[in-house]
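Down below is the structure, laid out as structure tokens.
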Amino acid sequence: MATRVEEAARGRGGGAEEATEAGRGGRRRSPRQKFEIGTMEEAGICGLGVKADMLCNSQSNDILQHQGSNCGGTSNKHSLEEDEGSDFITENRNLVSPAYCTQESREEIPGGEARTDPPDGQQDSECNRNKEKTLGKEVLLLMQALNTLSTPEEKLAALCKKYADLLEESRSVQKQMKILQKKQAQIVKEKVHLQSEHSKAILARSKLESLCRELQRHNKTLKEENMQQAREEEERRKEATAHFQITLNEIQAQLEQHDIHNAKLRQENIELGEKLKKLIEQYALREEHIDKVFKHKELQQQLVDAKLQQTTQLIKEADEKHQREREFLLKEATESRHKYEQMKQQEVQLKQQLSLYMDKFEEFQTTMAKSNELFTTFRQEMEKMTKKIKKLEKETIIWRTKWENNNKALLQMAEEKTVRDKEYKALQIKLERLEKLCRALQTERNELNEKVEVLKEQVSIKAAIKAANRDLATPVMQPCTALDSHKELNTSSKRALGAHLEAEPKSQRSAVQKPPSTGSAPAIESVD
């Protein structure tokens, strides 16, 4: 019998789970709403568990008192079971709150979020219909299981065993509920810690954004300064090139003038050289002529000497002739001397002309030296300009190096920005993982709450069965009214016991689902 009751409860729980899963697919709540609903439901479950512990002892005493009366009422058993099953359904309709019914109907009907909520009367009617269907099936299964037993003692023994099992299960469920409450408190603490870390990450993000903005502003100022410096350098370079071009043009004009003057001087020098050559040739010709004259005079002297020798021989014979010839020769000698002096004077004049030509040549050399000095000064100015140009080129190289350094700094800042963006993305990924963990924990909590509600319904059904058996045992109306009050208490207590019973499969599921949660624990540690 106990196995059949458990199978019926499992079938009821499977249907409720399917309905809740369908309700989840149709309607989703925000994490904050789920958290608030879960805390309220857990508070209600805790209260029901306390009431169940208080009522367990009173129910056991009532069962012992009514054993004798139940033994006598076996004849009217079947009719009373059917009547009390319907009465129990109607009583449970009144006990279930309309809000719970609406919530259960929303969870069972997929896509109920999109529909508008009907009025309270329609909600009650729908809840009652659903309850009649589910509870009627379970009551019929329990009654069939009890009908298989022959004697009422066996039925009572089976019910007592089932009740003891339910008590043990309720205690275990209470323990599990305490463990789950502790886990929930830990999860809430972790959630608060994660929220604080999220706020810290947002602050860090805002700081990084402000730093990026400051860097962009600094980069803009650096770019503007570099552009201004480049413009100033270009203006300076243009001015220097213009000044250099003007000086080059002036120097070229001076060089052209000097070339023209040098050409004139060269022509004059060529003409003077030709004149000097002509004078030298004339002087050479005159020297040759003078040499010839001297040779001729030497020959004449030789002839005179020969004549003198002859005359010496003929002195004696012709002293008169000799004297005459001597006078004649003296005259010729004086004439030749006069000619010699004239030739000397001509030579002096020619030497004077040569000195004049030499003076002119020296003046030409002085003019050439002056032109060379001007050329050297021009070369010095050119060297100065080249030095200035080299200095300007060095300055441009320095500015280029500064600009390259600034570009390198900008690239480094951009790399740092990319690294920080990667860190920010990693933090976002960690936050998404933590949000997934929170969602998974919330879904587990919702599943546990739904299972607790299913167990509550099972306990209420079992309480209805016990109340039906008690009504069969008591023929008098007064004990029946007392039993009704006990039934109401039993329903509340057995709901709590049902919550404990549902917590066992949930704990098993959580144990099955713990590996992914433990896998997510290193992610939380990495965030810390």
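Note: Cβ is positioned from N, Cα and C throughout, glycine not excepted.
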TODO: According to Swiss-Prot, one residue in R24, R115, R236 is annotated as omega-N-methylarginine; name it.
DONE: R24
Task: Annotated range (Swiss-Prot: region 'Disordered') out of 56-98, 486-528 - done: 486-528
Task: Candidate set Y283, Y340, residue annotated phosphotyrosine in Swiss-Prot - done: Y283
Open item on the list: Please give me the CB contact count at 10 A for Y283 (phosphotyrosine), counting all chains in the structure.
Closed with: 16
